[in-house]
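Record features, source TrEMBL:
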- 54-187: domain 'Phosphatidic acid phosphatase type 2/haloperoxidase' (DOMAIN)
- 80, 161: substrate binding site (BINDING)
- 116: active site, proton donor (ACT_SITE)
- 144-164: transmembrane segment (TRANSMEM)
- 167: active site, nucleophile (ACT_SITE)
- 170-187: transmembrane segment (TRANSMEM)
- 199-220: transmembrane segment (TRANSMEM)
- 247-268: transmembrane segment (TRANSMEM)
- 280-299: transmembrane segment (TRANSMEM)
- 311-335: transmembrane segment (TRANSMEM)
């Protein structure tokens, strides 16, 4: 990537931090709203409680976009502003830009494309498009309003990523564009036609491809973990560095979530529990949302010790796998009823 583009990016970030310094709390909130973890802990449980097929599509969007983002970050080798400005030879020692750091700045993976922008734009695209589809929204004004809100929220999240000096401008633009394209592709996938075999095959495929990419980089003499050392060196406070921001943890979350989905769909396949939740009363739907969020947030709040890295990743795998299993299989078993064959065929045609 052109050094001049990155110089310009640093200047823009500096200007944004100066102009919005009184709104740092709000900027951090916006960045947190776009955190990829929210796709797994908030958007997926709520969407699944409202509509089974939409929930699964949201989870697939979160998994595939985060997985693709991790692979692209390995390949593109993108810098992050908060450490890039300190690299030798870029600025005179007395003129190094003093970019402000925050407790969510020091992510350890490479910077391009932005994971927040890519995953959020993909997941939110699914949410908006499926809302318009299943609610049969025909009004052009309403559709325009929904997509305008989507665009403004994505811009706000992208701006927050610049404000905290986690990304360069071109990285968030690349993330948004790739996320929207991926969302459009996934929106055409017929969820009702997918079986446990498809999810298991996808789990194996993503795992093998990520492993092959990692091995290829090593064979080429490249260090897939090069960014961790820079993050550790230039982060203002070491306690701001977390293992769950590494690319390895993202991949563990993706693979384990898919594995959990595979098992859950297999458990449900013999029961023909496919009825969406949209026909339930508001009270029943609220109960489902509360239960699903309780499971996902309880799992998210459990943080294993970082002392043993292998144990940390192992517990993370089990945690995310069980969370998805409990939400998908548990909610369906508790609240859904089997539908007659004719009703199932009608629903499959609509999905």
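Indices start at 1 and increase along the chain as displayed.
Cβ atoms here come from the backbone N, Cα and C positions, even for glycine.
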Selection from 144-164, 199-220, 247-268, 280-299, 311-335, the stretch that has most Cβ pairs under 8 A to the transmembrane segment (170-187): 144-164
Outside the transmembrane segment (199-220), six or more residues from its ends: residues with CB under 8 Å to it: 63-64, 67, 70-71, 74-75, 251, 254-255, 258-259, 261-262, 265
Listed in sequence order, residues with CB under 8 A of residue 116 (active site, proton donor) and six or more positions away: 31, 34, 35, 36, 157, 158, 161, 166, 167, 172, 175
Secondary structure of residue 167 (active site, nucleophile) (DSSP, helix/strand/coil): coil
Three-class DSSP secondary structure - residue 161 (substrate binding site): helix
Other parts of the chain folded back onto the transmembrane segment (311-335), taken as Cβ under 8 Å at six or more residues beyond its ends: 40, 44-45, 48-49, 52, 55-56, 59, 243-244, 248-249, 252-253, 255-257, 259-261, 263-265, 267-268, 271, 273, 277, 280, 284, 287-288, 291-292, 295-296, 299, 302, 304-305
Most Cβ neighbours inside 10 Å, all chains, among the recorded positions 80, 167: 167
Helix, strand and coil residues within the domain 'Phosphatidic acid phosphatase type 2/haloperoxidase' (54-187) as assigned by DSSP: 92 helix, 0 strand, 42 coil
